[in-house]
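What follows is a set of notes on a single structure, which appears directly below.
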């Protein structure tokens, strides 16, 4: 760039910063804060699949799946992890179904958790926006998008048609929220439900509620599914769960995490540590015996998990080693083409090799 252009650019940048404040425009290479801060989801497998060690601060996240697949459990695990880091969390319970006893079992400090049970969708989104603008809240969870009922629908008759009303409400909310969340570095998680499209002959008939705006504004979209039951004898004690990252703007998308959600306990962290440790040769498996650093830790996976639960320091060390090994900076490199392609991905339409 010649000298005159450089002077003109410097003057323009100076004028913009004077008018709109420092940091309103910058060179991309100068912004060292571009490294995204994340909060752990509570599942090591999912943190690794996300490629950044957790869900990103200052962004919108969508978690969707069928009923009883673990959507609310995942958000409560994340709230517990955020509270352990001293962060303030809010739960906007549009479904009016939050169980404080279950939340406490998962490690949530219910005395510090902010909870709102709004009457209308507009009220829920206004509360969400006010919390984001305050700059004092770090994580907001909205449960769920399907329960955000527009005021006109609540005040109308049961048979009235309100075509596109919820989608318009959400579209406007996304436009307002995105900038406020970024400025206050607050994460907003929307839990969503699945619906079936009528008359779809080919392709996946599943879709999420609330129109398309949320799909585009979300930096991360997670598809969570129950794949099987975990039994102790005849009693079912948990779910085998698969979580697919169908959109990711902070790392490479389309990765999957397979984990277990135990009833009343949340993620089976010790089981994940054992499985990933064996896979990456940090835990030795000989027959039914598991060993770590040359010491036998249990016969059978259940006993090895029990050992890690009784020795949290060893579990913490193994977790740290696995994160250092698997969360490489290369995983964070994402081309613009990949990010924009991820905007258009419909879950179920992802090639099997991913």
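Note: Cβ is positioned from N, Cα and C throughout, glycine not excepted.
Under the heading ATP binding site, Swiss-Prot lists 65, 66, 67, 68, 69, 70, 71, 72, citing sequence analysis as support. According to DSSP, residue 65 (ATP binding site) is assigned to coil rather than to any helix or strand.
Secondary structure at residue 70 (ATP binding site), taken from DSSP and collapsed to helix, strand or coil, is coil.
Taking the binding-site residues 65, 66, 70 in turn, the residue surrounded by the fewest other Cβ atoms inside 10 Å of its Cβ turns out to be 66. Summarising the environment of residue 69 (ATP binding site), the number of other Cβ atoms within 10 Å of its Cβ, over all protein chains shown, is 22. Burial estimate for the binding-site residues (68, 72): highest at 72, by number of other CB atoms within 10 Å. Each of the binding-site residues 67, 71 was scored by other CB atoms within 10 A of its CB, and the lowest score goes to 67.
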